Amino acid sequence: MSRTNYTFTSESVSEGHPDKVCDRISDAVLDALIAEEPEARVAAETFATTNRVVIGGEVGLSDQAKLKDYMGKIDEIARACIKDIGYEQDKFHHETVEITNLLHEQSAHIAQGVDAAGDKDEGAGDQGIMFGFATDETDALMPAPIQFSHAILRRLAEVRKNGTLPVLGPDAKSQISVRYDAGKPVEVTSLVLSTQHLDEKLTSADIRALVEPYIRETLPEGWLTDNTVWHVNPTGKFVIGGPDGDAGLTGRKIIVDTYGGAAPHGGGAFSGKDPTKVDRSAAYAARYLAKNVVAAGLAHKCTLQLSYAIGVAAPLSIYVNTHDTGAVPDENIETAIRKCMDLTPRGIRTHLGLNKPIYQRTAAYGHFGRAPEADGGFSWERTDLTEALKGAV
């Protein structure tokens, strides 16, 4: 039987974290190419360190002349990301950082296994397992610890960028421990925030005084109590941040990107990957399905797994676990999912409208638990499959 009284912790990192700088650049490259050609193939990886950004991987457009033209725009794309994040420090500045572009054309051997041909449907871009998760403990149907860890950093980024707290730097991390009573989140027992700051004279107490009002307005009323333990910049000064402080790589924050450790993870990162790659698209589909199961009232909590083989279109397996909260047997939900959504790579992309430049915005503050947007962004957060699922169980 599942535990109902416990404390669970999740962390988030800001858009200025070194790994998130890399995720942002990789997704910006993807967006630029997919805006030119919706079926563009992209697998872009980024490495960032002091005064240096290296971008590599595989890309493909049907028009090689256009591809060559876009290779000349990579430097500009990367600098625009760094500028928007806010890096203007001596050893990592959007104007002076050295950008190296090592992107090259995608392997024809990969393409032949993935592309549709004749009566053969498009296959998955790789083998793998992908998980989706949803829980009704928050309005976004996300676990509370990760949802509010993101919210804290997103709010601090807002006040940094709008000039309210210009003393904050782009690099930051948050972590909250949430106590559950009868399976519901009720209070924050501890809160950790480490944020870069531009004034060397500021102490940990000074930083707490600056950020505490914004943290309090972000969390649900009553969750911060007199017993909540605060750790704000616990090591003291945090002036040198971002890739100058620690090297960054694309794809190193996969738990931050998903459910904060509250659900399994298949291991595949998202950023820089076009939607033919099921690491990304099938994980989005799994979240979409799990969220719709919960939104439909079929369960209070749902974990869903999909699996694929490279070159094979249909998923090899679909697994549902409602953690003893289901209104119907889990097997019935699995059957309903097969009826309600085409889970081939092309079916997922069509259903969720993934062949659009909607990825750069996902690179920080979580791929899940965000509001669907009018241009198709975060389409996997829609709850438009609920009636179909209820009718199919």
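Placement of Cβ uses the backbone N, Cα and C atoms for every residue, glycine included.
L-methionine is bound by Glu58, Asp246, Lys277 in Swiss-Prot, and the record lists one more residue there from Gln89, Gln106, Gln196, which is Gln106.
Farthest C-alpha pair in the L-methionine-binding residues Glu58, Gln106, Asp246, Lys277: 30 Å apart.
If you draw a 10 Å sphere around the CB of Asp19 (Mg(2+) binding site), it holds 25 other CB atoms from the protein chains shown.
Calculated from their C-alpha atoms, the gap between Lys253 (ATP binding site) and Asp19 (Mg(2+) binding site) amounts to 7 Å. Each residue contributes its Cα atom, and for Gln106 (L-methionine binding site) and Asp19 (Mg(2+) binding site) those atoms are 24 Å apart.
Comparing Cβ neighbour counts within 10 Å across the binding-site residues His17, Lys237, Lys253, Lys277, the minimum falls on Lys237.
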